[in-house]
Amino acid sequence: LPLLLKATLLRLASGSYHPFYNGFYYNHIMNDNDDGQDKVDYFNGAKLVVETSKDPVYSYNGANVTLPCHYRYEPDLGPKRKIRIKWSKLRDDYTKEQDVLVAIGKTSMAFGDFKGRAHIHQASRHEASLVISDVRLKDDGKYRCEVIDGLEDESDVVDLQLQGIVFPYQPPRGQYRLNFHEAEQVCQDQGAILANFNQLFQAWSEGLDWCNAGWLADGTVQYPIRLPRKPCGGVHLAPGIRSYGPRHRHLHRFDAFCFSSALKGEVFFLDRLAGMTLEEAKQSCQDAGAEIARVGQLYSAWKFLGLDRCNAGWLADGSVRYPIVTPRANCGPAEPGVRSFGFPSKGRFGVFCYRER
C-alpha cells in the first residue's frame, strides 16, 4: 500500500494521474444545428471552490510560515471527502511550475528543496494549508494551491514575500563584469540571492536609487531611479525602474542586484589599535567563535538590527564597508546607508564578524 500511494503521489505531481469517479455528473451535449459552435459541457452537482489569502503572506529567512488554503463545496456535501492536494511554486520566468508537495488523505510527499520542510496543515474541515519550516531566500514567490476531487480541479494562488533588503553588487574587478550565472554566484557568496522584480520595486519605493544596471532573477537587466538625471536615462523620464529587458545570460555583462533577508545570528565589530590586514581580520573572527561577515549579512544587520558603526571594517569579499543608521559628522553622506571604501589592496582596518545565535 505505501508503494501504491507513493506511485499515485508521483503521478499527481507530474499531472499524469487518472481522475476517479466521485458522484459528479457531466452531460456532454452536442450541437446538432451544424452552426459551427463547439460542444458545450453542462455540469450537474456541487461546485468546488478553493480560496487562499488575497493579501501577501510575509515571513523572513529561517522562520516557519503557513500559506493558508481552504476549499468548500457549493452546496455542502457533508462529511469530508478524500481529495487530492497539490502545492506548486510559480517560477519568475514563467517556465514550468516547481512541484512542492502532493497529498492524498494523510499521506503526502514533498519534492526538491522542500523535502523535510513542507507539510499539509489540516486543523479544520476543508483545510489544505501548506506549512514551510526553516524558510529560505529562494522560497519567496507565488504558490498555487490545487484541490482535485475526481473530475473537479480548482486552484488559487498565494504570494509569500520575505522581508529583506536589496543591495547592488559589483565584484572587485569593477563595473559590468558579471554574466547572469556569475551574478547568481556572487550574490550567493554574499549570503544572498539575485533579487526578483517585486523585491527591486519594493526597494525603489523605499528609496533605492542606483544608476548602474544589474541582473535580476528572471534574466532581465534593470535599475531603479528616484531622481531622474542625464546619465540615468535622461532628465525627462519619470522616476521608476529602467529596464533593458532580457539579456543573453552568457554573453552580456552587468552588475547584480542581490536580496538578503533577516539574520539568524548577529554581526559585530572587532578592531585593534593598529588595525588588521584582511587575513588578520579573518583570524580575529575565528578567534571570537565567528566568521568574517558577508556583504548581505552586513546589509541585513543594518536594516533589521539597527547596526550603526562609524568604523570601516573588512568583509569576506575583501571589501571595506561600514553601516550608518544615524548620519552624523565624519560618517559619510547625510543619508543612512552602508558606506563602501571599495576593495583596498593595502591598508589596515577593523572587521565585521558574523556569529550564529
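One is the number of the first residue shown, and numbering goes on along the chain from there.
Every residue gets a Cβ built from N, Cα and C, even glycine.
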**Complete:** Bonded to Cys310 via a disulfide in TrEMBL, from among Cys285, Cys331, is Cys331
**Fill in**
One should report the C-alpha separation between Cys211 (disulfide bond) and Cys331 (disulfide bond), rounded to whole angstrom, as 23
**Item:** Rounded distance in angstrom between the Cα atoms of Cys331 (disulfide bond) and Cys232 (disulfide bond)
**Value:** 27
**Prompt:** Can you tell me the mean pLDDT for the domain 'Ig-like' (46-158)?
**Reply:** 91
**Item:** Spatial separation of Cys310 (disulfide bond) from Cys232 (disulfide bond) - C-alpha basis, Å
**Value:** 30
